[in-house]
Amino acid sequence: MNPLMFTLLLLFGFLCIQIDGSRLRQEDFPPRIVEHPSDVIVSKGEPTTLNCKAEGRPTPTIEWYKDGERVETDKDDPRSHRMLLPSGSLFFLRIVHGRRSKPDEGSYVCVARNYLGEAVSRNASLEVALLRDDFRQNPTDVVVAAGEPAILECQPPRGHPEPTIYWKKDKVRIDDKEERISIRGGKLMISNTRKSDAGMYTCVGTNMVGERDSDPAELTVFERPTFLRRPINQVVLEEEAVEFRCQVQGDPQPTVRWKKDDADLPRGRYDIKDDYTLRIKKAMSTDEGTYVCIAENRVGKVEASATLTVRVRPVAPPQFVVRPRDQIVAQGRTVTFPCETKGNPQPAVFWQKEGSQNLLFPNQPQQPNSRCSVSPTGDLTITNIQRSDAGYYICQALTVAGSILAKAQLEVTDVLTDRPPPIILQGPINQTLAVDGTALLKCKATGEPLPVISWLKEGFTFLGRDPRATIQDQGTLQIKNLRISDTGTYTCVATSSSGETSWSAVLDVTESGATISKNYDMNDLPGPPSKPQVTDVSKNSVTLSWQPGTPGVLPASAYIIEAFSQSVSNSWQTVANHVKTTLYTVRGLRPNTIYLFMVRAINPQGLSDPSPMSDPVRTQDISPPAQGVDHRQVQKELGDVVVRLHNPVVLTPTTVQVTWTVDRQPQFIQGYRVMYRQTSGLQASTVWQNLDAKVPTERSAVLVNLKKGVTYEIKVRPYFNEFQGMDSESKTVRTTEEAPSAPPQSVTVLTVGSHNSTSISVSWDPPPADHQNGIIQEYKIWCLGNETRFHINKTVDAAIRSVVIGGLFPGIQYRVEVAASTSAGVGVKSEPQPIIIGGRNEVVITENNNSITEQITDVVKQPAFIAGIGGACWVILMGFSIWLYWRRKKRKGLSNYAVTFQRGDGGLMSNGSRPGLLNAGDPNYPWLADSWPATSLPVNNSNSGPNEIGNFGRGDVLPPVPGQGDKTATMLSDGAIYSSIDFTTKTTYNSSSQITQATPYATTQILHSNSIHELAVDLPDPQWKSSVQQKTDLMGFGYSLPDQNKGNNGGKGGKKKKTKNSSKAQKNNGSTWANVPLPPPPVQPLPGTELGHYAAEQENGYDSDSWCPPLPVQTYLHQGMEDELEEDEDRVPTPPVRGVASSPAISFGQQSTATLTPSPREEMQPMLQAHLDELTRAYQFDIAKQTWHIQSNTPPPQPPAPPLGYVSGALISDLETDVPDEDADDEEEPLEIPRPLRALDQTPGSSMDNLDSSVTGKAFSSSQRQRPTSPFSTDSNTSAAQNQSQRPRPTKKHKGGRMDPQPVLPHRREGMPDDLPPPPDPPPGQGLRQQIGLSQHSGNVENSTERKGSSLERQQAANLEDTKSSLDCPAKTVLEWQRQTQDWINSTERQEETRKAPHKQGVGSEESLVPYSKPSFPSPGGHSSSGTSSSKGSTGPRKADVLRGSHQRNANDLLDIGYVGSNSQGQFTE
């Protein structure tokens, strides 16, 4: 850019800036305060804000000043409690204020500044609010009268701002809007106070700091006395009574007093009642005047006056105010006869006894020997009444105007008869209590003599039977641990010789009641009323009056009146309830009857004690209406009548005839009253019942409806209307007894003792009293069983109410019955109580009304019945299981024998042109089974001779061996098998000391027969049992060959025993091994078979005739049918858990369950039958020379038996379903042998015959190579043993008592001489020579392990080719077969020489196991008796098994056989 242009641009910009700056400054203006701060009063410690807002341009800054000094804010000091807000306001976090330091209180201004100037706000003061605690003046209590004003003063505490005042009454704020209430300057003024204004008043001072309450002050509002009833002026006659009433009210209750003419009343002239009524009994002229009633309390006083005027009346004759009345008093008592009179002038009163001249005057001094006195009011009192005092007493009143008199009779009675029955002072009350609580039922009684307290429940005695119920002091009943059954009505009975009194209450026991009885305080109850006074008497009523007693917590609300009359009842009776007044007339009484009365008061807390008894009072009598007779005369004549009662006569148990005579028949007799009462029994009573004989001339009466067996007291009394004469003497009579008409009640049956007890307890209550019909003397108890021999009877005394019956039989149903017995006989029996003592001796009580169905149900529920049914079901189930097992075993035994029949032309009947197979569907052979069960080979731990080689049939029994005893061989086979024996590898070869047993290896059954032409099909034998024995002393050797020597390896602790068997040839079986036909030639030699195994050494003491039963033609199935049948690979056995013994059905040493099936090539060669016959004749000829010797230094342990139904046998579905065949091209794929797996729990013998070539043989012991496997190999580590994980088999126990331990280390085993010979080899070819060479090589197996291993690998492919080439040979001549057999025998002899070398005894230390290979189950289309068919996975083993059926190979043959495993299951690598 040009420098000139740049300079110009700079100048231009500078000018623009100057111009713009001048314009901005022109718009600025100085600050001005927009919002000024306001005065504020704030409490100490509270936050507040002084607002200040200013505007200006530029924006002004704001500062605050207090009292002229700048205020320090958080801008200056971050710790300051003052904050300058962005708006300019000053914010105080808290107001700081103290007595000495007041930094925040003062006058504040806000100053806003900018460059143009400053602005100052108005002053704002900040004051700190205060309120002290102490009131300057607290209100004081005030007492006012209602209607007067009340003033309460208060001065609040000091504070800033000055606190205001309001008032609270009873903690509620007073509304001063009410007209009567005003608050002025701290004064509360209430005009015209009311009673409702009374209460506690509090003065409250408040400001912004808070509130302060003064001390409370009480305002008491009293009421002045007021008159409810004022006295009134009265005018009365002289001698009349006068009353002035004065009723007042007030608060507090005013006191009332009377004055007369401003002076006190004269004493003795007036009475003042409780209601302040003034009463003057007899007014006199001197009583005239003004009477003033004065009522006064603390807030007032009132007066009311009335005037009394007394007028003198004229002279009046005397009159009775209160007349004396008749009285009946017992001897020794005191009696008073009232007599009140009036008249003008006042009459003089005196008393006189009728017939006596003595006069008794009021205020007369009492004579020393006199018991009579007269009160000033005219009442006569006689103390210590005697019988001589009886009679009439006359009260006379005498004046100048005349005289009057009144009579009253005094009757004196016997002391005992006069005494009233006992009085219950406090009786029980109704209660509701909880279960397990305690009940207290009070009953306090008094009387003369002192009564006895007893208790009844529902009318029956119960004390003594239940220890929970006891009577405490003063008769209180206590019941502990209450139960629901304790609910009922309880009656307290107070009894004495004078009678009895009862009181009842209800006790209700519930789950939710009170725990214990409530004890009432006697002070809460009202006091007893005063003694009732008789004010009026009529013929059927008496008027009583009394005074209330001392009130309790609450005054009495009502009264109860009780009465007693000896002629009516023997106990107190309630005659009036809920009486509200103290004056009451009792009505409904009998005429001319003496009564006693007493009164009780009631309030909500209960009943009071009774009042004192009233004086006896007799109701008025009734005069005959028309006769107008003199009562005195009637009473006198009746008193002279003497009635003589004769002895009553019992007519029936309920009727008695009463007769009497009268000495003189008086004029005034209307009839005779026969009186009787019960004196015995539970309900004995003192109440007399009456039967009136209304004909005066009648002298007899019949009492009916009497109780049976009860004693009655009878007397007769004459009567005339209401007048009654003297009673006759009493007579007693007892009605006749009868048997009780009702059974005992509440019969219960309980168990006694422990659960093993056979005793029961029976308890009961007596029959109802009305049905006892006499005195119960005893109770009879029957315990009746279902048979007479189980009956148990008992008899107990009448006082006993329970009994224990023992010796009952469990399971027997008893019926318990109880009956009461009197002298007349046994009464009604109770309802039977069925009981059963169960298995645990439990007593089962069934209701009598149960139906038969319910009773059956109860029996079915018994444990004994259930246990019996369960046991029976178990026995039936076990029987059925045994039968089913036997039947199944029998059917399997019949179905497992694969037998062929020889044709007439010497040929073989076959199924579908297949050699060795029968047509299962042929109707000519219905006994053949539909399917072949699973193969389970016998497992044994002993050695047996060759004479028992044929006993592998399912039902054949092994013949006994010398020294063996009763030991039976293990037989677990469910299918047919082949057998091959390897003798050259056994240590007992050429030895006559032991006998070997052949080992089965294939699936076609070899039948035991005594004749070459005999077909032996034996049923299963029960002695064919499992005897699996394992030895721990052989380095964990898993499986062994069958052993029949009882003592062999039978020791404990790993010790071995040798059993010496007789060297003499066994003669048990007449058939010889030479007679056993060989199977048809296999396609491929079996690995591990040597031709030398068939070399016979008869010179060593073996008798060939005792060997194995010959068969006409051996049934045999060829292998190599991969292209015809396919294996069902969905059925795969689960690999076993290591350390668990594998199934001998598959894993038995030198055995194989691989199915041998014919190949299509064999079916196409009809010459095979001829070859088979020729080979059989040659084989039998050569085998006759063999001698079997068994030596076994280390017999291997016996493996556990397999689970029943293992997959080695054919399933039914397998035999009924055809599966398409699968191509077997991968059979020829090379195998790689992996490195061995060490330290396995079990390494049983291989499925191959020669254990030297198996994983337990010598061939792999040094090189530690892993043996190949097949899905259907008997190798326990690859297929069969792994199945034990599904069904582990428990450890077997030897007969010696030792448990078989599970082997824990790998082991190996030599080939044993009891191995069965394999089938003959097919026609010779390249493969045959090669295999014989391998056989020769096996003699040096221990010194050339590496070379053997490599030989096996080299020969795999060659063996496959050899197998194919052997299948391509359609026909062989007889000479070729014979030459092959001769080579085979020579090789066997060479093998035996090699075995005798010292190194033959060497045994490797460990063994290997290949990983688990998925096996394949046989195709359903298979026809093998073992239940399997050929597949890819079983080709190798099946070919090896075929070689066993043709000839034995040398041990080296195994190493060079190319195919020993299944390529379809995986490759093996080294």
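The backbone N, Cα and C atoms fix where each Cβ goes, glycine too.
Of the listed residues (N756, N990, N1069), Swiss-Prot tags N756 with N-linked glycosylation site; the rest carry no such note in the record, though that does not show they lack it.
Looking up C443 in Swiss-Prot gives a disulphide bond whose other cysteine, out of C372, C492, is C492. For C395, the disulfide partner named by Swiss-Prot from the candidate list C339, C372 is C339. Of the cysteines C52, C154, only one is given by Swiss-Prot as the disulfide partner of C110: C52. If you look at the domain 'Ig-like C2-type 4' (318-413) against the domain 'Fibronectin type-III 1' (528-622), you find at least three C-beta pairs under 8 angstroms, all six or more positions apart, and that counts as contact. Mapped onto DSSP helix, strand and coil, the domain 'Ig-like C2-type 5' (422-508) counts 6 helix, 50 strand, 31 coil. Across all of the domain 'Ig-like C2-type 4' (318-413), the predicted model scores a mean pLDDT of 87. For the domain 'Ig-like C2-type 3' (225-309), residue counts in helix, strand and coil come to 3 helix, 48 strand, 34 coil, using DSSP.
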